[in-house]
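A.B. asks: As annotated in TrEMBL:
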- 279-373: region 'Disordered' (REGION)
- 311-320: compositional bias 'Basic and acidic residues' (COMPBIAS)
- 329-340: compositional bias 'Polar residues' (COMPBIAS)
- 462-504: repeat 'ARM' (REPEAT)
- 595-622: coiled coil (COILED)
- 808-850: repeat 'ARM' (REPEAT)
- 890-923: repeat 'ARM' (REPEAT)
Amino acid sequence: SSFHFSSFFSETTVSSKEVDKNGQPLLFLSVPQIKVRSFGQLSQLVFAAKDAKLKEAQACIEANRDPVVKILGSDYSTMKEDSGALNILHKITNGDDVENETKTNIALLLKQLDLHLLNDTLRRISPQTRLNPVPVKDDTELLKSFWGKGEQSVLESTEFTSDRGFSFSDGCGEMRYVWAKPGDAEAPCVTCGAQGVLFPGGRTDDEGKIDYETKGEVYKDLVTFLKEKLGKFSENMSKQEIRFSEEQQKNQTDEVPKKEEADVICKAVSGTDKSKLEKNQINFGKSQMARRLEPSLNWRTTVDRKNRKISVKESQEEKRRGKLGKTRASVSSGRAQLSCKSVDKAEETISESSSESEEDEEPPDHRQEANADLPSEYWQIQKLVKYLKGGNQTATVIALCSMRDFNLAQETCQLAIRDVGGLEVLINLLDTDEVKCKIGSLKILKEISRNPQIRRNIVDLGGLPIMVNILSSPYKTLKCLAAETIANVAQFKRARRLVRQHGGITRLVALLDCAQNSVEPAQLSLYETRDVEVARCGALALWSCSKSYSNKEAIRKAGGIPLLARLLKTSHEDMLIPVVGTLQECASEENYRVAIKAERIIENLVKNLNSENEQLQEHCAMAIYQCAEDEETRDLVRLHGGLKPLASLLSNTDNKQRLAAVTGAIWKCSISKENVTKFREYKAIETLVGLLTDQPEEVLVNVVGALGECCQDYENQVIVRKCGGIQPLVNLLVGINQALLVNVTKAVGACAVEPESMVIIDRLDGVRLLWSLLKNPHPDVKASAAWALCPCIQNAKDAGEMVRSFVGGLELVVNLLKSDNKEVLSSVCAAITNIAKDQENLAVITDHGVVPLLSKLANTNNDKLRCHLAEAISRCCMWGRNRVAFGEHKAVAPLVQYLKSNDTNVHRATAQALYQLSEDPDNCITMHENGAVKLLLDMVGSPDQELQEAAAGCISNIRRLALAAEKARY
């Protein structure tokens with residue numbers, strides 16, 4: 001019934017109304033046979049089979065052992081001895097056969113189907129043993145050296161039968177039959193086949209005929225079979241095992257295939273080589289599965305020295321021809337590239353982003369040595385490049401497809417393309433009008449551009465401007481491939497600059513203008529899916545380019561932030577990763593952080609923290625880490641429920657990169673006290689303490705930073721102590737990582753506020769370790785250590801004695817007042833304030849010259865330094881004639897100016913210092929002359945009680961001096 005309207009029926013036959021050019025029906029059914037001459041009729045036939053489709057397909061394949069030959073002719077046979085691939089390529093190149101192009105396209109489609117089936121089959125058969133004739137022959141010949149008679153002999157004899165030749169026979173897989181006489185048993189007949197070594201029935205009668213029916217299991221090689229089946233052989237062979245292994249290894253090392261078939265398109269595939277079968281091969285030639293040894297890392301070239309010289313000579317001649325045959329467009333692009341290089345040199349001094357660290361150094365240019373042992377792929381790729389240079393459009397497409405069959409992830413294949421001038425050809429193909437050639441070229445460039453040397457070669461050859469122009473192509477496939485290749489190439493500064501200078505940033509941003517934003521992937525049409533892919537590739541390229549500050553600004557000015565914000569609402573994870581990655585890179589700039597808040601991007605970042613994709617979680621957490629420097633952003637993360645998923649992600653410690661991003665986000669969010677309260681509810685503090693050991697430094701920096709912020713709260717200080725966090729924190733004080741030392745000193749200082757924690761820190765010698773960090777060459781470490789010492793001195797039991805016990809410690813602190821770093825000066829002044837509470841220590845630092853050094857700092861406009869400097873001066877006034885000394889070193893007049901500051905803390909500290917200094921008459925006169933009385937009168941009415949008392953006391957001292965002077969006058 002399926003063929004009722006399109007076929008003729010008779011009693012015994014059915015024939016289609018459609019016929020071929022010879023008048024033969026395209027479908028003819030005569031029970032029990034059926035003949036089909038077109039794919040359309042074949043499709044109808046399979047559809048009519050309904051539930052029996054698989055059986056019909058199996059019957060079709062069994063009846064047509066080589067269907068490609070039936071369809072396309074004998075030139076496309078996969079079983080013939082002489083490969084016809086080169087002949088086909090020559091015919092297409094010379095235009096001798098107009099039908100070959102159509103046949104080739106059909107062959108490509110059939111091969112794709114075949115490879116899908118091969119990939120599935122390979123997963124099942126790859127664990128099975130596969131033998132080649134040469135190893136079997138070698139093992140058999142090697143066993144002859146162990147012939148002998150007697151108790152210690154391994155074998156008495158081995159003998160080949162004459163039934164089969166030493167090769168694959170009839171496609172069945174048998175290679176040879178061997179008689180092996182062990183000396184203590186009857187000689188068994190062994191079948192050596194592609195599947196392994198197996199056991200047939202043996203001789204059936206006195207005439208010596210063999211029963212070929214297989215019995216028993218299959219063994220991986222001849223020696224294993226004999227050891228398993230023959231007891232004496234196994235016993236004696238164990239004594240000879242070392243010798244046999246050495247001989248066998250020597251044979252494998254010395255063995256070189258005698259002849260390499262000139263098969264360029266067909267790649268050799270061994271039975272166990274899974275990676276090659278998984279590539280999309282176009283194998284028109286004979287499968288060489290039976291002619292190759294198993295692949296190894298020590299492949300030797302199969303081309304002898306003479307042939308290699310000829311090949312090199314031919315490739316050099318073709319390279320010269322290729323250079324002469326370049327189009328004007330390529331010449332003009334080369335000239336443009338030369339001018340761009342001069343601009344690049346002038347711009348080398350432009351500062352780039354701090355994230356721009358990879359591949360900024362030029363790698364050494366690696367060239368293959370002329371006489372080096374190279375795999376056959378190296379020479380096959382060179383021949384393919386020859387066809388790329390001299391062939392017509394069809395030959396070029398076939399050569400490009402064949403080149404993609406090679407493992408282009410291997411450096412040998414990548415450098416083979418470059419060494420023979422293939423990069424120039426591939427880049428020139430991008431300047432043609434043939435879309436298929438452009439697609440093929442870009443697919444290859446996309447793969448090989450992962451190699452750092454190839455990236456730089458592409459830039460040197462002027463490939464980037466051409467790819468940037470392709471971004472404006474109407475063909476979406478070309479846009480995608482060009483953007484992905486740019487993403488690979490733009491991994492170093494010069495390439496990123498070139499993309500920007502040729503208008504690439506604007507065009508890449510335009511690719512983000514995808515119509516869909518929230519449609520589920522399963523609901524997209526084909527065209528919508530392509531639009532999404534174009535946007536994804538554009539985001540991928542922008543991600544690479546965004547490592548440069550100038551490119552970040554270019555993306556922002558081109559309107560990239562609203563488009564990235566829109567794409568962030570999509571549900572396509574493949575899209576989200578490069579989009580979030582781009583935002584993460586750009587969020588290091590203040591302008592971007594403002595725009596991210598304005599576009600409400602934080603909400604979507606928090607949403608994607610709940611994704612199942614670990615890479616997406618990592619980039620979202622890193623983007624939050626970058627943005628959470630701003631208080632409003634930290635509040636947004638909390639309001640949108642982002643703190644709970646961050647806390648929950650701490651429990652998965654396998655992915656270290658994600659863990660570093662998550663702990664970084666928690667660190668920055670912990671700067672807000674409200675967030676710290678939430679983290680305590682989610683038990684994040686205990687988890688963070690558990691991460692203080694056995695973690696990489698990038699994780700530890702963030703974990704300790706987060707604990708340093710959380711421990712500003714007394715409750716969290718207790719939690720850290722109870723969870724055993726003090727000891728691992730103190731242990732980290734001996735590290736050398738600057739960022740880690742800054743954070744761990746802050747965390748230890750925060751914990752030292754809690755008395756019981758301070759006892760533990762003192763017992764673990766933590767204070768001495770902090771004091772030793774004052775010698776660190778990095779100013780940030782010095783400042784952080786000095787700040788941490790303040791609570792330690794305040795809360796230690798016998799603080800004065802503890803400080804004096806550090807040999808040279810007080811002198812070290814005083815000398816730090818000579819620093820130029822404002823943060824170091826502020827922290828040291830704060831430490832001196834606490835040290836000076838002990839009279840003996842105050843006397844020591846006075847002897848070390850603390851007064852003139854503090855006086856020298858008085859002329860500063862930094863309110864933080866003013867506050868701690870005034871406190872230090874106030875404390876130091878309480879020893880000897882330090883009050884007078886401060887006046888002599890001109891410290892009083894600048895202090896009066898501190899009262900004009902807008903900071904209440906500065907007012908309080910300054911009033912206390914002036915109160916102490918006003919005990920000296922000369923200082924009172926200086927204060928009065930500089931207008932201190934009026935400023936202090938305003939502060940007497942301050943709500944701050946300490947400020948009131950200090951101001952009033954200072955005014956009182958000045959007033960008493962004035963009264964005494966007036967009495968003395970009269």
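Heads up, the Cβ atoms here are built off N, Cα and C, so glycines get one too.
Situate these features within the shown structure.
C.D. replies: Each residue of the repeat 'ARM' (462-504) gets a DSSP state, and the totals for helix, strand and coil are 32 helix, 0 strand, 11 coil.
Confidence annotation: the coiled coil (595-622) carries a mean pLDDT of 90 in the model.
Outside the repeat 'ARM' (808-850) by six or more residues, the chain places 771, 774-775, 779-780, 782-784, 786-787, 789-790, 793-794, 799-800, 856-857, 860, 862, 864-865, 867-869, 871-872, 874-876, 878-880, 882 with a CB less than 8 A from a CB of the stretch.
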A.B. asks: For the repeat 'ARM' (890-923), find every same-chain residue at least 6 residues outside the stretch whose CB is under 8 Å from a CB in it, and list them.
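C.D. replies: Cβ under 8 Å, 6 or more out: 854-855, 858-859, 863, 866-868, 870-871, 873-874, 877-878, 883-884, 929-932, 935-936, 939, 942, 944, 946-947, 950-951, 953-954, 957-958, 961.
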A.B. asks: Give the residue counts of the repeat 'ARM' (808-850) per reduced DSSP state, in the order helix, strand, coil.
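C.D. replies: Its residues divide into 34 helix, 0 strand, 9 coil.
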